[in-house]
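Just below is one structure, and these are the notes that go with it.
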Amino acid sequence: MPHRSEYKKNQPSKSKGTLSLGELILIGVGGIVGAGFFLGVGSPIRTAGPSVLIAFLLGAFITAQVTGAVTSIATHHPVEGSFKVYADLYLGHFAGYMQGWIYYVASVMTIASEAVAMSVFTRVWLPNIPLWILSLVYSAIILLINAFGVKNFGRVESFMSVIKIAALVGFILFVGGALLFAHGSTANGLQLLGSSYNGFFPHGWSGVWQSMLIVVFAYAGIGVFATAAAEVRDVQEIERGALWTILLLTLLYLISIGGVLLIEPWQSINTNTSPFVLALQHAGMPVLADIFNAVVLVASFSVMAGAVFSANQILVSLGQDHEAPQFVTKMSRRNVPYGALASTAVGILIAIGAAYGLPANVYRFLISASSFMTFFYWFVMLLTFVKWRRTEEGKKALASRLAFGSPFSTFVTMIAIGVLTVYALFQKDQRIAFYAFLVITMLIGGSYAFVRKRSSVK
């Protein structure tokens, strides 16, 4: 795959990847649907009530615009580390440097949060095993899977995605059957959804906006699709893959959340248990609840695998630009970036160690901080798309159908990201996460001059 230093803006690139269209779609879904949805959705439901459906619909719009932006460029220039490389090309070295490192740190935090979540789920069955041991075991397994290369990654991720999709479809069918045959009718479910319990907007529009930061984390894994797109066999399949990924994801999210709200009062949902597991338990299906808890484990496992994959891609890109130690560019005979993989392993150890020493709400803190970083690189990606569209090539190229309404919709999305970021600062726990994001951003930005000076000397 061409790198930035080898790539010319007016010369289309051809992919030499190994992923099929089906694998790309399943990697996209698999990289997104994880603990941030199965477990994390409890928080926005508590905050917004049934109107959380609108929050997820808004999240789908923002995700579609960002995905449309990156796939529009990727269809013409499939390069490794696309988030970073495109910003570097069209916004300058500093933007690319910030984009790459922010995305990388966000990926490591996502991996750590998923490992912690997996350990919490596992302790339902193995309560005597320390949390940190389970976290390290799961992290080691994920790193080993990535060590066998992209071909194996695609197969494993595709398999896990099928399991998650099947579980959500099964849950939806269960809800449909329960509403049709249990206690007579769907009327009770409709009452739970909106006509009782303080209505569809129990906390007004304020609840919708307050829930958005955690909702964004449920979509943040779309970056895995962007980096995996560089490995697809036919670049013309990238847009089709993006369209199907977003459509499938949106339908699964909205229908399954609606199903939860139809059989479980939103006030009874807590942030420590998966709403899906809780709904099955209260429906008198403890065996199904255990099965779903196992699926949540698989979901987190899958997202971890995707996050490690995309983090390595970005880190290699940084190394090739002399913006990270050259060790991270080392490749094995299997074409596996073992230098980047080893560096990511160290980052995971640090993140898990820090998480283990923090209070019980560490999971919410990690996903909030990661969401602020997601907002950052999404904003930069949209800005990159705007700049690309103003080039001669961008003017002639057809934008992805996901970027519908651009450039107007692109600017609307950028404004929405800014407004939601500011709105999140009014909540104490999210404000603390923002401070952490701010410190990390300043450290990365402050290191740029030193890194560029060293690279210019070389």
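Just so it is clear, glycine is given a Cβ too, placed from its N, Cα and C backbone atoms.
TrEMBL annotations: computationally assigned, not manually curated.
Lifted from TrEMBL, the feature list:
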type     : residues : note
TRANSMEM : 21-41    : transmembrane segment
DOMAIN   : 24-453   : domain 'Amino acid permease/ SLC12A'
TRANSMEM : 53-74    : transmembrane segment
TRANSMEM : 101-125  : transmembrane segment
TRANSMEM : 131-150  : transmembrane segment
TRANSMEM : 162-182  : transmembrane segment
TRANSMEM : 208-230  : transmembrane segment
TRANSMEM : 242-263  : transmembrane segment
TRANSMEM : 291-315  : transmembrane segment
TRANSMEM : 336-356  : transmembrane segment
TRANSMEM : 362-386  : transmembrane segment
TRANSMEM : 398-426  : transmembrane segment
TRANSMEM : 432-451  : transmembrane segment
Three or more CB pairs closer than 8 Å, sequence separation of 6 or more: does that hold for the transmembrane segment (162-182) against the transmembrane segment (21-41)?
yes
Can you work out whether the transmembrane segment (131-150) touches the transmembrane segment (291-315), with the criterion being 3+ CB pairs under 8 Å where the paired residues are 6 or more apart along the chain?
yes
Using a Cβ cut-off of under 8 Å, list the residues of the same chain at least 6 residues beyond the transmembrane segment (242-263) that approach it.
24-25, 28-29, 32-33, 37, 41, 45, 50, 52-53, 56-57, 60, 63-64, 67-68, 71, 165, 168-169, 171-172, 174-176, 178-179, 186, 189-190, 192-193, 218-219, 222, 225, 229, 269, 275-276, 279, 282-283, 400-402
Cβ pairs under 8 Å between the transmembrane segment (53-74) and the transmembrane segment (398-426), at least three
yes
Take the C-beta pairs under 8 A between the transmembrane segment (21-41) and each of 101-125, 336-356, 362-386. Which stretch has the highest count?
101-125
With the transmembrane segment (398-426) as the reference, find which of 101-125, 291-315, 336-356, 362-386, 432-451 contributes the most Cβ pairs under 8 Å.
362-386
Given the transmembrane segment (362-386), which of the listed stretches 101-125, 291-315, 336-356, 432-451 has the most Cβ pairs that are under 8 Å apart from it?
101-125
Where does the mean pLDDT land for the domain 'Amino acid permease/ SLC12A' (24-453)?
82
Same chain only, please: residues at least 6 beyond the ends of the transmembrane segment (336-356) with a C-beta under 8 Å from a C-beta of the stretch. Say none if there are none.
108-109, 111-113, 115-116, 131-132, 135-136, 139, 143, 146-149, 308, 311-313, 315-316, 319, 324-325, 327-330, 362, 366
